[in-house]
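TrEMBL lists A:Cys220, A:Cys223, A:Cys235 with the feature [2Fe-2S] cluster binding site. According to TrEMBL, the feature domain 'FAD-binding FR-type' maps to A:1-94. As annotated by TrEMBL, transmembrane segment applies to A:96-116.
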Amino acid sequence: MLNQIVKKSKLAPGVYEFYVENPIIAAKAQPGQFVVVIPSEKGERVPLTIADAFDGNIRMVVKVVGKSTADLALKREGETLYGVVGPLGKPSEIKYYGNVLLVGGGVGIAAILPIAKALKALGNKVYAVLGGRSKDQVILKDELEQYVDEILVTTDDGSFGIKGVVTDGMDLILRKQRIDIAWAIGPTIMMKFCSLKAREYGLKIVVSLNPIMVDGTGMCGACRVTINGQIKFACVDGPEFDGTQVDWDELLKRLQQYQEQEKLAFEKFKQKVGDLSWL
Amino acid sequence: MAVKPSPKKTPMRELEIEERIKSFSEVALGYTEDEALVEAMRCLQCPSKPCVKGCPVGIDIPGFISKIKEKKFDEAAKILKKYNNLPAICGRVCPQENQCEAFCTVGKIPGSEPVAIGRLERFVADWEAENLVLTQESGPKKGKKVAVIGSGPAGLTAAADLAKLGYDVIVFETLHKPGGVLVYGIPEFRLPKVIVEREVKYVESLSVKILLNTPVGKSVTVEEILKEFDAVFIGVGAGTPKFLNISGTNLNGVYSANEFLTRINLMKAYLFPEYDTPVRKGQNVIVVGGGNVALDAARSALRLGAKQVTVVYRRTEQEMPARREEYIHAVEEGIKFRWLTQPLRYIGDEKGNLVGVECISMELGEPDESGRRRPIPIEDSRFVIEADMVIEAIGTEANRFLLSEFKDLKLNKYGYIVVDEETCATSLRKVFAGGDIVTGAATVIEAMGAGKRAAYWIDKFLQKEYDPW
């Protein structure tokens, strides 16, 4: 059945993976694209990166950060999502580059998975830095190993891999290895620092932006970002952009726009459904 | 007993102002049967029917009004539906004063107002919804398929007419609700969404299939559409918001009218947190623009609880394109207007929140290409208005979302689709287009008129009686 959750699993505390039946989107999805998911009838339109697509299903990874994502995380296998639209946004530019470095942080690791797969298939040598707060937040490492030649892991607390942040991992690779292009996908603040790091090395870096969106089809302009001094809509002009051209501080501020309302909605939701710290 | 008809339109009851500004309930309440009868009596039934010429879909206006006079409301409804698939919508949002009513003979009599055709149309459509189920007879199945891209007024009209002619019609809609601008753009207080749902249901009752969440060019490719369908109608609307592009455009609190209204209308942000989508509730709100969208945004902001809502417009009251009726509503509700005012930059605080708008005063110079006097900035007239929210309602431009996937489709210099004005045929074989994606932002009824013409000529094309390619 269309938009039915056929498989759901917990990847880490607060991080869930979904396989949703949608043969139409699955047939068209390309690396770098996203879907807009409307969990329930009164729900928001939530943009989520397509982590994989095969056999008529699309795969998405969700981190619980507020009401809408908690609502999603609480859905069970067999339940149906109210709406899924996509595939939206421009696909990643996949071609033979030579040596490619992929940096993924938190759930951003799920977003680099399809890119790694496609780049590897074209004969690129793929390096990856995966980062998380602690060991259990470094998701999908085993799966990525199939497509990545060399993986470095960094954790804030040192519980896995190198103690540090992803830019420390970038340093380790960039000092010894010529890299032709990099992707960095993860929290906005991480992508900002990855872009600064790439600039230090004169390296081209692609980032996948996640501003607040509504329709996801270029109709409202909520997701506007400043790229090289120009206003762009992340939903149709992106979501991928040259990381060195992004006005990061503006984006970080824009992400705070509904902080109070988001908090209120989440609190009200928790009053209704009970404690969610187990998610 | 003959009563001399009044020179004025029969007034329509409205919600009390105090109630209006606290809710999103519909403002205009419609005619009762008696009021409709009184108003219908004002129609002279003149044989030249000038009013019909003013209607983009050519409704037999004297015809349906004469049935009201006879109290045969069901027959009046049948006449309306023959020409107009969405009369309850048109009766509410058409600018009748510039269309049918502008040509009304009664309106030409000194001291007299035209017949309130729009209000009568609304009365009949609402009466029909409450009192009968109109079964529409479709012609014999023609065994041919037509794709309609976009479920706004143009698309719904084309789809309904084509279905009546016996075609298999599939409508592709990107959003999760059908109706286009009728659901995301026009607020509940002007056009209740139950009315739109009702009209959409009618279109579906003609066996039109509407596929929601289906962006053409993305989940269904243009090649697939062209291969699978015998003809295509594009009615995707104008789409992308324009911005003034002044300093501070990306500050928190600066909205496009499209975003603000989509959050409120489509996503029901005015019911947050019952609905999950939030919207900012500004205290001092500035709306930039002078059209219907600007007024919709201003009145919505007021209903969300703003202390003060000010519309700034670079020309004057005389040039503003908004409907007079809605302007009067806005003034009644307490919206302030600052004419001859243009924003220069938005001022933000260190957190990126809007705190003020620097404006400049304008004066009117010589007429420009639109025939209206061109606004010119007055030197040294800068001033700052305190504001925590700005909504820019300065128009839209062609959304490239679909068009960039439609290779070889001829566009004009503004990015809109080039068509044959009469038939709506585009440069691409078997592809027709109409509505705002052809004309740029216009009215619901003009989009419906285009949908109607396109359906007529698509039929001719599929009957092999018309082929411009």
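Just so you know, glycine gets a Cβ as well, placed from its N, Cα and C.
Note that this is a predicted model, so its numbers are computed, not measured.
Chain B has a C-beta under 8 angstroms from the C-beta of A:Cys220, taken from the binding-site residues A:Cys220, A:Cys223, A:Cys235. A helical conformation is recorded for A:Cys235 ([2Fe-2S] cluster binding site) in the three-state DSSP classification. Sequence-distant contacts of the transmembrane segment (A:96-116) (same chain, six or more residues past either end, CB-CB distance under 8 Å): 15, 17, 31-32, 49-53, 60-63, 122-133, 137-141, 143-144, 147-148, 166, 169-170, 173-174, 177-187, 190, 194, 203, 208. Under the three-state DSSP scheme, A:Cys220 ([2Fe-2S] cluster binding site) falls in the coil class. Taking all protein chains in view, 27 other C-beta atoms sit within 10 angstroms of the C-beta of A:Cys220 ([2Fe-2S] cluster binding site). Around the Cβ of A:Cys223 ([2Fe-2S] cluster binding site), 26 further Cβ atoms fall within 10 Å across all displayed protein chains.
The Cβ of A:Cys235 ([2Fe-2S] cluster binding site) has A:Pro47, A:Leu88, A:Gly89, A:Met213, A:Asp215, A:Gly216, A:Thr217, A:Gly218, A:Cys223 as same-chain neighbours under 8 Å, each 6 or more residues away in sequence. Secondary structure by DSSP for the domain 'FAD-binding FR-type' (A:1-94): 13 helix, 42 strand, 39 coil.
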